[in-house]
Amino acid sequence: MSVLSKYVDRIAEKCEHNGFTKHAFSYALVTSAILALTIKVTIPYVKNVNTTSSVRTQKGKTNGQLSPSTRDSSEEDFKLAEAEKLLVAQQLKKKATNNLVEPGLNKEFLKHLQMLAKIMIPQAFCYETGLLSVHTFCLISRTFLSIYVAALEGALVKFIVRKDIKQFALVLLKWFGIAIPATFVNSMIRFLESKLSLAFRTRLVRHSYRLYFKNQNYYRVSNLDGRIENADHRLTEDISVFANSVAHLYSSLTKPCFDLMLIGLALMRSSKKMKANIITGPALSIGVIALTAHILRIVSPKFGQLVSEEANRYGYLRHIHSRIITNAEEIAFYGGHKVEMQQLRQAYNRLVNQMTTIFNQKLWFIMLEQFFMKYVWSGTGMIMVSLPILTGSDVGLGTVPNTAISESRVSERTQYLTTARNLLISAADAIERLMSSYKEIVSLAGYTFRVAGMMDVFEETALGVYCKTSVMESNQSNGIIEFRNGKPIAKGRIIYSDDPKNMSISLRAVPVVTPNCDIVVPKLTLCIEPGVHLLITGPNGCGKSSLFRILSGLWPIYAGELHIPRPVKDVPCMFYIPQRPYMSIGSLCDQIIYPDTREDMKRKHITENELRSILKMVSLEHIAQRDSFDVVRDWKDILSGGEKQRMAIARLFYHRPRYALLDECTSAVSIDVESSIYEIAKGMGITLLTITHRPTLWKYHTHILEFDGLGNWQFRKMNSDEEQKGQFLS
């Protein structure tokens, strides 16, 4: 700063030789700085207005022509701009369709914060309230310690002025003695803040996990609902940041409030001892603080929206990374690294642009904030400290003839000045933390919006209420699905039968509808009795796999009725096996009994010898010979495609359900092993519902369900010619 001042002085001296006074130069310099600040603040607003008007103007255009400046830009900039437009379009679409409230300091924020507070602190007497009580006690103790330390420092200066070595040494010992509890309390405040943050996060994580796995929400959120794009990011990063912000804000708001209240009382008492007016100083400080706070609130950027958008773009970047990891083999086969890297760069550039916007907004806001806090408030503090000395009733030294008494009064005034200065520094620090907390509260509003919004979506999807953005523009007038407030209503019913004599599955006028509300089959009515082995055929996209999702309860039923047997103890009604089976984290035993646990296996009295027999049925006994049942491996990479499919069949033989939903589950298995598997399944009394393109499996079924891809279907008994054809091909 001194170097800059010297540089300005030299320029001013040169200007004086040309007829400009130093005062005029300083005035011009300050005016230029204020003008630059005004331009910097107003330009983003003007750009925002122009962008909004241009979007409205171009909304009706359909030709999609590019401006000359866009044509002349580089390909990378053009693609980045297109990605930005797509992102803005998606956000506008979500606002228009879902009536979303923008994150900010509003009633919705208070409502969401209250909801999350009830989750973090579920009752009056719990672990979290205990932490809060101890934390609050430490904060109050720290305030009293600050006041006591300020008084000790004032006494130290007093005895230095008096040259009283004995009293100085005594007060200095007290000062060193108070340092031990003061440092302990400071450390405890940080420790309790961390513990409080972890406790809040644990409560939120447990509650959100409970919702996430309720009624298969983990599937519904990503496949049936379109409001949450990256649930994993919200469940991990957003909850963590929200919990940290709440715990930190409690300290940032509570401690300054205690400081201001107690320090204000201490200053008023000191002014009273100096026989000065105790109202003028506090009134002046309150007025200055209120005025500066109002100005900062007016010019404060919308940090809540900015932070929420930053978290959204960061979550999308993580999503791109995870997608590349998941599909690494396919990308490598296609040689699509250039496309993936380009998408990754675009996602990262969007995040960088948003972070740069936040940095730019913070630059000028923090500059103005520091001007008020460091200089305006410091000047006000100087006036507050000087008023009791200048306006006190006994301020003149010349009226007192006794030199000793005069020196005593000088030392007392010095003590007051030192104590008041230290207290004012603490008070200014408290006010600065309160003002800085406003930005943190606005940022907290963004994370509150995301976390509370996630839980609201979880609760709605658990009740069967879904919202897909692509549904809003089409399929709302199909006459089959009823919509309410832009959301499809599942009016169909699932009826569970407890009659042991009625173990059939029946669909009565049930439409096959995709998550986007596309009608695949308008009405499907059929009855599948035990022993009716059903073969399902038809072209791609005709509704074969969709039927399995409806039977399994993954997709909602928008009309009609689905009658299924109620699962009894240890005997599931249906067991679905996809073409690409899922291999869980665990041992070989865990792969066979999934989704059972070892405790479930022991309760069913199933031994390892029975598991070996099951592996032998699917020709996987060599795996048990190579590895024990307790060895934990990455089975997804160890097993081949055919071995994974046979492992899924082993799960079927372990659980022995009434009905097996087989979706191309043996496409990578040899024909002889496949035939053996189907024979064993029928011998166990499992009714087979099979989707396959292999005619060799026809002979294991009694009925056929044919879809034509146009919404029509036919359910009939398989004739002898079709059975003979299957036997001939096998």
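Cβ atoms here come from the backbone N, Cα and C positions, even for glycine.
For Ser545 (ATP binding site), the same-chain residues 6+ apart in sequence whose C-beta sits under 8 angstroms from its C-beta are Asp663, Ile691. Annotation source Swiss-Prot lists ATP binding site at Gly538, Pro539, Asn540, Gly541, Cys542, Gly543, Lys544, Ser545.
The domain 'ABC transmembrane type-1' annotation in Swiss-Prot covers 136-373 and rests on sequence analysis.
For 505-727, the entry in Swiss-Prot reads domain 'ABC transporter'. Confidence annotation: the domain 'ABC transporter' (505-727) carries a mean pLDDT of 89 in the model.
Feature annotation from Swiss-Prot assigns transmembrane segment to 24-44 (among others).
The transmembrane segment annotation in Swiss-Prot covers 137-157 (among others), and the record cites sequence analysis as its basis.
Annotation comment: Swiss-Prot describes 169-189 (among others) as transmembrane segment.
The annotation transmembrane segment is assigned in Swiss-Prot to 276-296 (among others).
Other residues of the same chain near the ATP site, with their Cβ within 8 Å of the Cβ centroid of Gly538, Pro539, Asn540, Gly541, Cys542, Gly543, Lys544, Ser545, are Val520, Ser546, Phe707, Gly709. Comparing Cβ neighbour counts within 10 Å across the binding-site residues Gly541, Cys542, Gly543, the minimum falls on Gly541. The most densely surrounded of the binding-site residues Gly538, Pro539 is Gly538 (count of other Cβ atoms within 10 A of its Cβ).
When Cβ neighbours within 10 Å are tallied across all protein chains shown, the highest count among the binding-site residues Asn540, Lys544 belongs to Lys544.
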